[in-house]
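This report concerns only the one structure given below.
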Amino acid sequence: MSGRGKGGKGLGKGGAKRHRKILRDNIQGITKPAIRRLARRGGVKRISGLIYEETRSVLKVFLENVIRDAVTYTEHAKRKTVTSLDVVYALKRQGRTLYGFGG
């Protein structure tokens, strides 16, 4: 093996990167009806118009924190793939234990 570390499948010299879609305002993908459905599931009857943007910003911060912790677990284990257990442990670390996905 030529010093490529674990699972050295690296053939060639890297080459050109494929086209990648530029990620910009993906938080708008959480649509107004989707937020309404989540609120309905939580027992909400009427929703103020200002709620939607606020919900998106709170959700974005929450996901950033969970993903940051999950990626930290992944990097510590010297992996490149985030597993469901990484997410479970990240949620547990934040005091939001999730059952049903192992661990």
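A Cβ is built for glycine as well, from the same backbone N, Cα and C atoms used for every other residue.
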Check your understanding: Pick from 2-6, 17-21: which range does Swiss-Prot record as DNA-binding region?
Key -> 17-21
Review point. What is the total of other Cβ atoms whose distance to the Cβ of Lys92 (N6-glutaryllysine) is within 10 Å?
Key: 13
Revision key, fill the gap. Reduced to three DSSP states, the DNA-binding region (17-21) has 0 helix, 0 strand, 5 coil
